[in-house]
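According to TrEMBL:
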- Asp169, His171, Asp256, His441: Zn(2+) 1 binding site (BINDING)
- Asp256, Asn296, His405, His439: Zn(2+) 2 binding site (BINDING)
- Cys52-Cys127: disulfide bond (DISULFID)
- Cys55-Cys120: disulfide bond (DISULFID)
- Cys83-Cys94: disulfide bond (DISULFID)
- Cys184-Cys196: disulfide bond (DISULFID)
- Cys197-Cys227: disulfide bond (DISULFID)
- Cys365-Cys413: disulfide bond (DISULFID)
- Cys578-Cys592: disulfide bond (DISULFID)
- 48-131: domain 'Saposin B-type' (DOMAIN)
- 1-18: signal peptide (SIGNAL)
Amino acid sequence: MGRLLLLVALCLIPTALSHAIPAMRNAKPQLITRVEAINSLKTAVHNDKINCVICSTIVQGINQLISEDEEEDKIDDFLKKACVTLDIEQPHVCNAIIDAFANELYFVVERVIFTPEELCGIFVDDCGTPVNPLKVLWDLTIPGGKPAVKPWPIVKTPKKTQRVLHLSDIHIDRDYTIGAEADCKNDNGKDTYALCCRDYPPTMVEAARANSAIKSPAGKWGSIYNCDLPYRTFEAAMRHISQTHKDLDYIVITGDFEAHDMWDYTKEKTQANIANVTQVLNDNFPNTPIYESIGNHEAVPMDAMAPHNMDEYDTRGPTWLYNTLADAWSKWISPESVKGVQYRASFVEYPSPGLKLISINTVYCSAFNFYIYINQTDPDGTLTWLINELLDSEAKGERVHIISHIPAGDDYCLKGWAHNFYDIVNRFENTIAAQFYGHTHNDHFQVYYEDSNPSGRATHFNFITPSITTYSFNNPAYRIYTIDGGYEGATYTVLDAETYTTDLNDANAKDQEPKWFLEYSTKDAYGLPDLSPASWAALIDRLAVDDDLFTKFHQYYFRSSYEADCVNEPECRQKYVCYLRVAKSFEEDHFCAGFSTL
């Protein structure tokens, strides 16, 4: 999501300082505070500095309003007008985003104090001097006694295999409008957040925009822009999968049903959407077990999942959401697992003898779960619970699959959680057979290394499956794994992964339901002998120097030709390849030190 849009909401933070730091009310700084003056910044500042100037200006304006003893509603009004005047987003979004996040942020900042300098420095590069809460570390006891490392199991002729469908990031937009502007992102250098392919409530500004010609009209089946998926396309996809892939043993879904209009989220809409998506899955896969993990877009406000030890949990906590999911998933999971979902939105199931599937709520590591900033240490004991489950499986000789939404190598995940999770994976490398994530919408992976040394032995890896939604310039996709499993002594390692996609531009042009096709088989496309951590690590090294291989990877990453020239741009290529080595957030400098694609 665009950080500048959330920055407007985040700038609400200093409002609560009126309660925490009374002395601020006596300050009389010389500030640019009125919305009318902000407009001049749009032409006076170079693009590379505009985010910092906007942030500083808005925060300064809030500070002056605080010093003048203005009420919170007037500060909200200032922020809304600033958002509109700076053309950060459509006026409806500017107004709604403040309303959506204000209450949560006021509550948090009364308990966690940030100065304006810290605030701008956190969310805008080279702006302020932050004490960055995104990178707070905390201790977690990880048990010793790690067994001797076993070689990664290489299965050439499995006795039996299982087929597992992986769906992620569905993001259905029920307000998707055929013919609306698909390329609606403002070209203003401010990293404007946009959800396109929909009509927003009319205002004078939007009426003026409506009079201009539509550059890229939204197609019937979806659009390869910052647009979410039309409901008809989701239905068609599920129908296609159920009719085409009749050999599925079970399905995993790694979160995010809601569209990206987080400013308009309500509990009622989310509950209705979960019920509807669950019904579509039941209709198409009536006899296939389905195991899901929670996504950050299920929360209202988005990402807001407080742990039980937070003040006012009874009124602010996500109990309503966890109960909704528990009801929706109860057909596929045991009563004991239902209790786990109701408590921390995590559970354990056994899809096959000898295989434990662990669904873990990684929204507890989200950098935009503001409630977590009050106390980041192991929310609801979730990582401690994970360790205990892994210890149990280690003792029993079980194999474990982990499914979740946010991969720990993404900077969306707080550093403290990511560091501890990385150590857990390495401690239990003999027990964990596979990890499956979503969230990024792209097709990639991350490799873990012994002692966090990228020059050393690769210990593990994760799959990050591409999204069903189009958002972020992607064609829709789903994945099917072939797994060694379903018999006594199975390793439950992934033998191959097939990724399927469709061409929405072709479907729209022909006015026909999207035709899905096999985009690639992982082993064949990348020339891998197996899908062991060592093979994935070697693939990273090959991607760094093989132009054709990198071009193929980059094409798969987006399921389109977006940024097609990246192979010839060293900085762009370096970014993509280096990221594959980083399974621990905010550690790119460490894992990519000395690594070059030049």
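Cβ coordinates come from backbone N, Cα and C, glycine included.
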Residues close to Zn(2+) 1 site centre defined by Asp169, His171, Asp256, His441, Cβ within 8 Å: Ser168, Ile170, Asp228, Gly255, Gly295, His297, Gly438, His439, Ser467, Ile468, Thr469, Tyr471
Local Cβ density at Cys197 (disulfide bond) - other Cβ atoms counted within 10 Å: 29
Site with most surrounding Cβ atoms, counting all protein chains shown within 10 Å, from the binding-site residues Asp169, Asp256: Asp169
Lowest local Cβ density (other Cβ within 10 Å) among disulfide-bonded residues: Cys94, Cys227, Cys578: Cys578
Which recorded positions sit within 10 Å of Asp169 (Zn(2+) 1 binding site) - Cα, from Cys52, Cys83, Cys127, His405, His439, Cys592: His405, His439
Overall pLDDT for the domain 'Saposin B-type' (48-131), taken as the rounded mean: 71
Spatial neighbours of Cys197 (disulfide bond), counting only the recorded positions Cys94, Cys127, Cys184, Asp256, Asn296 and Cα distances within 10 Å: Cys184
Inter-residue Cα distance where the pair is Cys52 (disulfide bond) and His441 (Zn(2+) 1 binding site), in Å: 28
Which same-chain residues, if any, lie at least 6 apart from His439 (Zn(2+) 2 binding site) yet have Cβ under 8 Å of it: Ser168, Asp169, Thr254, Gly255, Asp256, Gly295, Asn296, His405, Ile406, Pro407, Asp410, Tyr412, Ile464
By Cα-Cα distance, the member of disulfide-bonded residues Cys52, Cys55, Cys365 nearest Cys94 (disulfide bond): Cys55
In the chain carrying Cys184 (disulfide bond), residues 6 or more apart in sequence that have Cβ under 8 angstroms from it: Ala194, Cys196, Cys197, Tyr225, Asn226
Residue among disulfide-bonded residues Cys413, Cys578, Cys592 with Cα closest to the Cα of Cys127 (disulfide bond): Cys413
